[in-house]
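Colleague: Copied straight from TrEMBL:
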ACT_SITE  Asp289  active site, proton acceptor
ACT_SITE  Arg291  active site, nucleophile
BINDING   Arg212, Leu213, His214, Ser215, Glu216, Gln233, Glu255, Gly256, Arg257, Thr277, Thr312, Lys317  GTP binding site
BINDING   Cys217, Cys228, Cys230  Zn(2+) binding site
DOMAIN    171-333  domain 'GTP cyclohydrolase II'
Amino acid sequence: MNAAGSGPRDVSRAIDALRRGWPIAIHAAGEDPLVLLAVETADPRSLDTFAPAGRYPVLISSGRAATLKLTNQLAAADPDLPVVVEPAPWLDFDTAVALADPALDLATPLKGPFRTEEVDRPRASLAAIRLARIAGLLPAFFIDGIDPEVVIAPEAIDRHQDARTLRMATRARLPVEGAEDAEIVAFRAPDSADEHVALLIGRPDERPPLVRLHSECLTGDVLGSLKCDCGPQLRAAIAAIRAHGWGILLYLRQEGRGIGLVNKLRAYRLQDQGFDTVDANTRLGFAVDARDFGVAARMLDLLGQRQVRLLTNNPAKVASLEAAGVAVAERVPHALPANPHNERYLATKRDRTGHQL
Ligand SMILES: Nc1nc2c(ncn2[C@@H]2O[C@H](COP(=O)(O)OP(=O)(O)OP(=O)(O)O)[C@@H](O)[C@H]2O)c(=O)[nH]1
Ligand SMILES: [Zn+2]
């Protein structure tokens, strides 16, 4: 096996490989390499090439394992660690897909029984689950197959996600509805495809800016989805900043609270089956909120702002921005009227994720 790649570019290669259905390995210091093939992008042929002897344990996230009631054999295990499902004659490709993808949980009972074991390469396993999220894939892998070309270290993923590499790319005037004097500033990091933008509204004065951190929501922002409150919040933020006199709207490319568009739509499909927004994320195997507001702090820093008034109902956003070095002088509530389609979503945010609505 090649030496573990250490540059962030290797992470881009690893993400690309996983999305194409090619194996990669994660090699943490002091552990054996963990060879991975993403279940979502594998097919029976690539699995056969990956594991010619037909032995392929499956690595799934802790949340997914708990959903499938596969954690009870692991009494002493760390509840946050991913879980390995041991090979079994009935663990064929389709069954592995059913382990990975909750879409059919209610329709087809899972074959079994399955034996699970604690991961013996905890750092690489955690990094694998993280990488799946960054790649927008389901967090489940066939493991221990043939040596792949791309090998990365967990630290390379940290560096890949490091907000300090973000730079201003360009800026221009952008008159928008509700703020005709706005200016847009685009930010880019060398190793990430995410292009974040800031909308600067009004003329700075001695007061801290009114700031909104808006996480991308294609369905709400662009298509007018009524399932969430994003679209109205986006427009109301521009109006509130204008009314305050000046401020900044950060449009962060953190679709689906950081799990990506496809995984968010998978969560919506689970919500169609009756699960709420919190349980849907857990069933998929993700954290309830996978966002990192370090990017927002870095953007504010590059714009010369270290103290803000923050438009949000989410105290976790305030805490995470402060942890990243931006002082929040005041939290300004940003609640909008509910509609029949987002009533339950807003109630879940209030009751389960601490939103002050
Ligand atoms: N995973 C997932 N993401 C969702 C769902 N509904 C909306 N989102 C995403 O949640 C994000 C919107 O959250 P925000 O409005 O920025 O933040 P918040 O945590 O609700 O806090 P506020 O600042 O009070 O609005 C966007 O990235 C949406 O795509 C859902 O059901 N599941
Ligand atoms: Zn939304």
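Even glycines carry a Cβ here, placed using N, Cα and C.
Owing to the predicted nature of the structure, the values given are computational and were not obtained by experimental measurement.
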Colleague: Spatially speaking, which of the binding-site residues Cys217, Cys228, Cys230, Arg257, Thr312 is closest to the residue listed as 'active site, proton acceptor'? Use C-alpha to C-alpha, please.
Modeller: Arg257
Colleague: Could you name the residues, excluding Cys217, Cys228, Cys230, of the same chain that surround the Zn(2+) site, i.e. Cβ within 8 Å of the Cβ centre of those residues, in sequence order?
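Modeller: These residues sit around the Zn(2+) site: Ser215, Thr219, Gly220, Asp221, Ser225, Lys227, Asp229, Gly231, Gln233.
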Colleague: To the nearest whole angstrom, what is the C-alpha distance linking Arg212 (GTP binding site) and the residue listed as 'active site, nucleophile'?
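Modeller: Rounded to the nearest whole number, the Cα-Cα distance is 15 Å.
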Colleague: Give me the Cα-Cα distance between His214 (GTP binding site) and Arg291 (active site, nucleophile), rounded to a whole Å.
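Modeller: So the alpha carbons of His214 (GTP binding site) and Arg291 (active site, nucleophile) sit roughly 11 Å from each other.
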Colleague: Calculate the per-residue pLDDT averaged over the domain 'GTP cyclohydrolase II' (171-333) and state the result as an integer.
Modeller: 97
Colleague: Which of these binding-site residues (Arg212, Glu216, Cys228, Glu255) have a C-beta closer than 6 Å to some atom of ligand 2?
Modeller: Cys228
Colleague: Over all pairs within Arg212, Leu213, His214, Ser215, Glu216, Gln233, Glu255, Gly256, Arg257, Thr277, Thr312, Lys317, the annotated GTP binders, what is the largest Cα to Cα distance, rounded to whole Å?
Modeller: 22
